[in-house]
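Student: This is the structure, below, for whatever I ask next.
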Amino acid sequence: MLLCTACLVGLQLLISCCWAFACHSTEPSPDFTLPGDYLLAGLFPLHSGCLQVRHRPEVTLCDRTGGFNEHGYHLFQAMRLGVEEINNSTTLLPNVTLGYQLYDVCSDSANVYATLSVLSLPGPRHIELQGDLLRYSPKVLAVIGPDTTNRAATTAALLSPFLMPLLLEQIHKVNFLLHKDTVMFNDNGDPLSSYNIIAWDWSGPKWTFTVLGSSTWSPVQLDINETKIQWHGKDNQVPKSVCSSDCLEGHQRVVTGFHPCCFECVPCGAGTFLNKSDLYRCQPCGKEEWAPEGSQTCFPRTVVFLACQEHTSWVLLAANTLLLLLLLGTAGLFAWHLDTPVVRSAGGRLCFLMLGSLAAGSGSLYGFFGEPTRPACLLRQALFALGFTIFLSCLTVRSFQLIIIFKFSTKAPTFYRAWVQNHGAGLFVMISSAAQLLICLTWLVVWTPLPTREYQRFPHLVMLECTEANSLGFILAFLYNGLLSISAFACSYLGKDLPENYNEAKCVTFSLLFNFMSWIAFFTTASVYDGKYVPAVNMLAGLSSLSSGFGGYFLPKCYVILCRPDLNSTEHFQASIQDYTRHRGST
């Protein structure tokens, strides 16, 4: 045990020596030294410390002008007087002469130097480390000072392994009379004497002293006259003996020193609260709770989703229901006029597949309202993507088929016959829709959209949503529909010079451009806004796509059927085809 202690002390002294001995060359002044049989050391601040910010340990010289410390000087003179009184007395320590070495400990570096000098052996300036520190005899027998807590702690840490000063093994036997007062020490070396409690008055140009009370050890008694105490507070109020005032509500105590009563007040961060049972640590809130900064309690998080009762939901629901009714009404209108030229030129029975796909997409949009459920998360995006794929496939193949009829039937009759005989239009729609169906099934299996509770986005909210928006399956399905939209646009543009009754390039181009703009607006909004109305923006983009497809393709035909029956005749269509044929022949 002693060997371990010696090693620890050696490391501590080595570090201290590198800082103090190697960098400090100040010796005690002759005026501060008195030879004697036994030496006492006095560590007093005769100069003030340097009050500046330091970024590394530095040696502070104690002989600066203008830094004289009167309080330290009086302590220094008191020790000199005490030693001289003992040496001049014939009864206190007969045949023994006390000496002293006084050190100016104006800084931490000077304090370390003085302590190491105290521990050095008589004569040489070094400290010998040995296993048994009980036999170590430094040149100084006891130390008085320093007078501040920080420096006293440093000195005590260096002196305690060498058992200084309680080397005075016989101190508890001391018993003498000094100025009519008995001086005695107990077994611990603590003095057993009577004391006067004195207050120093610093208000005038000279110090004055007032006796406030006394302490005696036989019998043990403490008397204080509180009426003589002059406090510095207002109306002579007693100041509170605390390092720090109580913290505000929701502020934790962060200890700044060695004692828990000295602390700083730091507000609890967001998501934490201060329980009165533990004032030194903020506790985290539960997963379903939140708390603002500086809170004493946690609050339940608000669960948010696109509820049906909100005004925004009412508007979107009404618009989607109106679209669905228009799709059903158009299907009935086309069924009633199935044999008319307008319906046949629009695709005939293929129109019902297009209207049905738009209706399926419209029905899927109802899944964006209310608290997300597993069926809603599984179907709403996938059903919309598949329905819109069927519509785009029909739109593409219908435009492509008109180009074949008017432009390639005579120039490439073999290709035209093969297309008709092999039901090219139906085959294309089937293959295109099957590809999207495969993508959606893979999406639902691999990246299954599920209802989830999102906690990280907003500290006070719990967002109920589906997980499909950030999955690869959603991106693939969207890109596939984008590719079909470009194909439909290209085929419609190639037919811009077809007969007027068969030329839908303008309307289809407008609807597809509106579709692109809707989804660009959705992704832009979703990238900058991450709140509870993201499903509403998603539904609005889907509703815009369906409405643009319906409006661009079917509304002009409904207008002709209902308002211009004169244009819905075989003669009008034949005249339009003849004009187109003559124009192409002339060119």
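Think of each number as a place in line: the chain as shown, counted from 1.
Keep in mind that glycine also has a Cβ here, set from the backbone N, Cα and C atoms.
Remember, TrEMBL labels are computer predictions, not curated facts.
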Student: Ranges 94-114, 535-555: which does TrEMBL label transmembrane segment?
Tutor: 535-555
Student: Using a threshold of three or more Cβ pairs below 8 Å, and leaving out pairs closer than 6 in sequence, do the transmembrane segment (381-406) and the transmembrane segment (470-495) count as in contact?
Tutor: yes
Student: Using a Cβ-Cβ cut-off of under 8 Å, list the residues of the same chain that are 6+ residues beyond the ends of the transmembrane segment (535-555) and lie near it.
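Tutor: Distant contacts of the transmembrane segment (535-555): 305-306, 312-313, 316, 319-320, 323, 326-327, 330, 346, 351, 354-355, 358, 361-362, 364-365, 368, 384, 388, 391-392, 395, 465, 469, 504, 507-508, 510-512, 514-515, 518-519, 521-522, 525-526, 529.
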Student: For the transmembrane segment (427-450), find every same-chain residue at least 6 residues outside the stretch whose CB is under 8 Å from a CB in it, and list them.
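Tutor: The answer is 350, 353, 374, 377-378, 381-382, 385-386, 389-390, 393-394, 396-397, 400, 466-468, 471-474, 476-477, 480-481, 484.
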Student: Is the transmembrane segment (381-406) packed against any residues at least 6 beyond its ends, judged by a Cβ distance under 8 Å, and which are they?
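Tutor: For the transmembrane segment (381-406), the far contacts come to 346-347, 350, 353-354, 356-361, 363-365, 415-416, 419, 424-425, 428-429, 432-433, 436-437, 439-440, 443-444, 449, 466, 468, 474, 477-478, 480-481, 484-485, 487-488, 491-492, 494-495, 498-499, 502, 504, 508, 542, 545-546, 549, 553, 580.
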